[in-house]
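Among the features that TrEMBL reports, transmembrane segment is placed at 18-35, 47-67, 73-94, 101-122, 134-153, 211-233, 245-266, 287-311, 317-340, 352-369. For 163-186, the entry in TrEMBL reads region 'Disordered'.
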């Protein structure tokens with residue numbers, strides 16, 4: 001176990017048992033934080049992610065006050081900004097891949113990025129060479145293989161959502177076709193007329209929506225995997241910086257609020273222009289209906305982040321990171337399958353079982369390789 005520090009002065013020893021309790025806590029918190037997205041209509045997710053970030057910042061600021069209000073380093077605010085950038089993809093991913101599959105994919109990518117950055121010393125942090133490199137590489141390889149299996153699992157929610165959109169996409173395609181056929185300004189209207197309906201049909205298909213969700217999951221996983229890099233960099237390179245991870249919760253919350261607010265303002269400007277172009281007939285989800293589910297999600301996310309930082313103090317990061325990047329996704333997938341039947345069919349069950357086996361094996365080997 002590692003000592004707790006405040007301003008580089010050792011205070012107490014964090015028992016290893018606390019680390020395992022914290023891992024259990026973050027598994028429950030991260031694994032259930034997406035449940036509100038399944039039970040409530042959260043619209044397109046932009047207001048949802050903003051309120052979620054407010055709840056996250058509020059909860060982490062309370063923790064910050066309880067531990068003595070340690071210093072906030074400007075660079076560590078970047079950690080929260082990275083998190084908020086990845087978080088804006090949360091709702092589109094859940095709507096297209098389901099609650100569990102999306103989390104498993106972005107957690108696996110996060111595991112790979114987190115492992116590579118610490119193993120090779122990316123972004124200016126010190127490299128950590130594992131004592132058993134063979135076991136380490138095998139574990140990471142298994143984790144990477146599991147991602148390719150998750151991609152081929154088709155959640156039930158995707159099929160229902162795409163079927164519900166087919167009529168709208170078809171109408172859009174016909175409208176586009178009529179508009180183009182009446183235009184004389186295009187250099188090749190016949191080619192444009194033939195291609196646009198095909199594009200709209202493909203965009204509304206299961207395959208296109210699943211590809212989009214997988215790409216978004218990979219993008220968010222890269223960002224989540226680098227969230228702690230600014231904090232680690234400050235701990236290693238700033239002489240007066242605290243070595244205690246929990247001292248940086250306020251930086252994480254502040255950066256998340258700044259980032260999500262920035263993205264919400266950009267979204268508001270873009271949609272205002274779009275509404276003025278389309279006549280302003282778009283339906284909006286009432287703000288009050290989003291308040292409770294987004295706040296609960298934010299509090300659960302903040303709880304998971306705080307537990308993760310505590311686990312890093314009690315245990316080595318090579319143990320906590322692979323577990324924290326896999327168990328919540330596995331737990332969320334099981335909840336999604338049992339409660340919402342996101343995964344159905346014998347073939348999907350087999351794929352899910354194989355993928356989970358690869359996930360757990362890769363995480364265990366990676367964690368034990370140091």
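Backbone N, Cα and C define each Cβ position, glycine as well.
Unlike curated entries, TrEMBL annotations are predicted automatically.
By number of Cβ pairs under 8 Å, the transmembrane segment (287-311) is matched best by 18-35 from the list 18-35, 134-153, 352-369. Ranking 73-94, 101-122, 134-153, 211-233 by CB pairs under 8 A with the transmembrane segment (47-67) puts 73-94 at the top. Most Cβ pairs under 8 Å to the transmembrane segment (245-266), among the stretches 18-35, 73-94, 211-233, 317-340, belong to 73-94. Across 73-94, 134-153, 211-233, 317-340, 352-369, the stretch most heavily in contact with the transmembrane segment (18-35), judged by Cβ pairs under 8 Å, is 317-340. Only pairs six or more apart in sequence are counted, and the transmembrane segment (211-233) with the transmembrane segment (73-94) gives three or more Cβ pairs under 8 Å, enough to call it a contact. Tertiary proximity for the transmembrane segment (73-94) is limited to same-chain residues at least six positions away from its ends with a CB under 8 Å from its CB atoms, namely 34, 37-38, 42, 44-46, 48-49, 52-53, 57, 102, 106, 212-213, 216-217, 219-224, 226-231, 233-234, 238, 241, 248, 251-260, 263. The list of residues near the transmembrane segment (317-340) in space but at least 6 beyond its ends in sequence, with Cβ under 8 angstroms from a Cβ of it, reads 19, 23, 26-32, 34-35, 38, 98-101, 103-104, 107-108, 110-111, 114-115, 118, 128, 130, 139, 143, 155, 157, 304, 308, 311, 352, 356, 359-360, 362-364, 366-370.
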